[in-house]
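Below: one structure in structure tokens.
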Amino acid sequence: MKKTQTWIITCIYLQLLLFNPLVHTQGICRNRVTDDVKDVTKLVANLPKDYMITLKYVPGMDVLPSHCWISEMVEQLSVSLTDLLDKFSNISEGLSNYSIIDKLVKIVDDLVECMEEHSFENVKKSSKSPEPRQFTPEKFFGIFNKSIDAFKDLEIVASTMSECVISSTSSPEKDSRVSVTKPFMLPPVAASSLRNDSSSSNRKASNSIEDSSLQWAAVALPAFFSLVIGFAFGALYWKKKQPNLTRTVENRQINEEDNEISMLQEK
């Protein structure tokens with residue numbers, strides 16, 4: 001009985017070992033993103049809305065898959081956040097903003113390191129270079145949040161040739177620069193809209209639905225077959241051991257009857 005229980009436990013652990021690698025193929029850099037990204041809302045509310053932040057924007061971010069631009073975009077975000085950090089002195093009145101930006105810099109630097117470890121192959125990059133632009137805090141951290149969200153589902157999926165080239169027939173990108181006239185302070189509630197750029201999110205949603213269905217199919221099917229195979233082995237083992245267990249019980253009953261007979265004879 002103990003051997004049967006041991007085999008069942010072994011089968012369960014085997015399924016876990018087979019299933020976990022399949023699950024962890026999704027979001028290759030996901031564990032580098034900490035809860036400190038939630039402080040972006042607070043930071044945007046603290047900065048004047050007319051404050052301009054320089055960022056080299058990667059062309060095609062709104063129309064191409066994330067693996068086409070995420071590596072270069074996160075490097076440019078690291079440069080811009082580091083420059084922004086240098087503009088805040090590490091003193092009491094500026095400590096809140098300084099601390100938040102410092103944590104964001106560490107997150108982005110970790111993501112840069114992760115992307116260096118997981119380089120995309122067979123990807124034909126666009127010949128266009130990042131364009132220096134001026135963004136308000138809301139626009140800048142909207143790009144930051146979009147990049148962070150891209151890491152949650154980022155995979156090494158470029159097994160075939162993937163051209164990351166902007167079509168010449170596609171409409172020109174909307175200029176993200178914002179006029180400095182008539183500045184006003186950004187209420188904290190408005191910062192929650194950073195993640196919701198309607199035009200880009202709709203395109204992202206349509207692409208992500210198709211990608212996620214394929215990803216889950218790739219994960220679920222091998223896991224299902226591994227579970228079936230594991231339980232089949234367990235059933236065969238149990239069936240093989242069942243006659244031995246039956247014979248053991250019968251032998252035990254015979255021995256008990258023999259002992260009772262011998263005790264009666266002795267009396």
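Every residue number used here counts from 1 along the chain in the order it is shown.
Heads up, the Cβ atoms here are built off N, Cα and C, so glycines get one too.
According to Swiss-Prot, the protein carries these features:
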type     : residues : note
DISULFID : C29-C114 : disulfide bond
DISULFID : C68-C164 : disulfide bond
CARBOHYD : N90      : N-linked glycosylation site
CARBOHYD : N97      : N-linked glycosylation site
CARBOHYD : N145     : N-linked glycosylation site
CARBOHYD : N196     : N-linked glycosylation site
MOD_RES  : Q26      : pyrrolidone carboxylic acid
SIGNAL   : 1-25     : signal peptide
TOPO_DOM : 26-215   : topological domain 'Extracellular'
TOPO_DOM : 239-267  : topological domain 'Cytoplasmic'
TRANSMEM : 216-238  : transmembrane segment
Mind looking up the mean pLDDT for the topological domain 'Cytoplasmic' (239-267) in the predicted model?
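Averaged over the topological domain 'Cytoplasmic' (239-267), the predicted model reaches a pLDDT of 74.
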Out of the recorded positions C68, C114, N145, give me the one sitting nearest to N97 (N-linked glycosylation site) by CA distance.
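If we rank C68, C114, N145 by Cα distance to N97 (N-linked glycosylation site), first place goes to N145.
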Which Cβ among the disulfide-bonded residues (C68, C114) has the fewest C-beta neighbours inside 10 Å?
C114
